[in-house]
């Protein structure tokens, strides 16, 4: 644990933390993290390349998948420098501007992912419940507007957080519990009242993730009602099969988020490493697993990837 004695330094820096007590093993711990980051980057870039280069995948469903891959890639790159910097170089010091910038991108991209998952559920709803109007409802222009609105909503809601944190005086330890900067953790280091940050944070979560999850649940309720009304069992299975990949992506996003919230709320007695692992699961598992799930469960993506590898080998 690092102690800061210089008051001027206190105002300029925070100190990040890896796996406390296991510093001598950071080199070995970095190996699975490097593997995860490399898999995330290669997997999402592969999805983006396949969608961009194959004209048959230029459809609304795959445009939304490309948005999800871009978001996952950005979320991965937001934490990669500080996480690997600690493991490889013991680079724990981070300037407050850099810390607040990282915080902004992590929280913004998390909200963007929630919005993209909502857009994808709307895509599945239209495809199953109103297939004849699918191409007229989800036009390229409308898809671009949906993507831009997701980014703007998330960025505008998160933008006040760095300014709310900037007004605080941090007279306590500047040592953070993670290898990256998060709003909840930084505001706890402030000496003055943080009630405004608490209220605004709850407001942001409620009107983004809360609303998105309710609308996703509603869309699948309507989808299930429409599927059960189909005549044959084969048609019902075919319709549900188109939703499996998206349902997996939703579960991969919301289950770690709920688990992390429960650990923070009720897990004060749990070892600190449990909190660390849950935070890494929340940030790294969705970007890691989404390309894998879509490559396995989406026939068109799987076939195109196989063709790409066969072409490279030939």
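Heads up, the Cβ atoms here are built off N, Cα and C, so glycines get one too.
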TrEMBL annotation (transmembrane segment) - matching range among 5-27, 143-165:
143-165
Range from 143-165, 199-227, 239-261 with the greatest count of C-beta pairs under 8 A to the transmembrane segment (273-294):
239-261
